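> Handing you this structure, nothing more for now.
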Amino acid sequence: MFQLPILNFSPQQVAGVCETLEESGDVERLGRFLWSLPVAPAACEALNKNESVLRARAIVAFHGGNYRELYHILENHKFTKESHAKLQALWLEAHYQEAEKLRGRPLGPVDKYRVRKKFPLPRTIWDGEQKTHCFKERTRHLLREWYLQDPYPNPSKKRELAQATGLTPTQVGNWFKNRRQRDRAAAAKNRLQQQVLSQGPGRVLRSEGEGTPEVLGVASSPAASLSSKAATSAISITSSDSECDI
């Protein structure tokens with residue numbers, strides 16, 4: 001009878017391999033490595049207490065769509081604060097994806113808020129402090145720096161930036177997509193405003209028998225005036241630097 005080879009790795013060595021594969025973003029190899037680990041009770045007990053191994057199992061479960069297993073791992077093992085950001089992102093993203101599949105459509109901000117209220121973070125990956133669902137200033141700074149260098153990062157760069165910020169590659173990709181949309185909208189509104197302003201001052205006419213001048217021209221047109229106001233209003237909205245994780 002064929003038997004699987006026995007890997008004589010210590011729990012510390014296993015944890016080191018898991019951390020290396022996690023940092024590389026190679027989830028497929030990480031999954032194969034976890035599958036090859038020994039199943040002896042003594043070895044399993046030691047590995048089941050190792051945070052790096054548990055975090056790796058959670059990541060593999062998430063990427064494999066095995067959300068029940070992911071929730072079980074996160075709810076039944078206490079993780080240190082260093083792992084909280086990544087595991088919280090997995091917890092929320094898994095519930096978002098389940099809700100999207102159930103509803104058959106992408107979730108809006110209100111939908112995501114309701115999902116978070118229905119499935120609060122377990123205390124095993126949360127220290128009890130309220131989460132604003134907005135990225136921290138350091139995270140926003142890194143994202144903006146990378147965006148200025150390359151608004152269209154490839155998957156490898158997304159994984160690298162996710163590792164640096166504690167976000168998931170999906171969150172990084174969504175941030176870049178939203179930022180590009182905001183910049184395009186702001187540029188379009190700026191062009192519209194410049195077109196309105198470039199028409200120049202209106203013609204000044206004086207009504208017969210009246211001393212008050214009447215200004216006529218593009219700016220006096222109700223439609224043009226409305227366009228100008230809309231452009232100014234839209235610019236003030238789209239140029240806001242809001243990177244909330246909603």
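Each Cβ is built from the backbone N, Cα and C atoms, and glycine gets one as well.
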> Write down the single range among 76-132, 190-246 that appears in Swiss-Prot as region 'Disordered'.
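Among 76-132, 190-246, the range Swiss-Prot annotates as region 'Disordered' is 190-246.
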> For the DNA-binding region (126-186), DSSP counts of helix, strand and coil?
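Going through the DNA-binding region (126-186) residue by residue, I get 42 helix, 1 strand, 18 coil.
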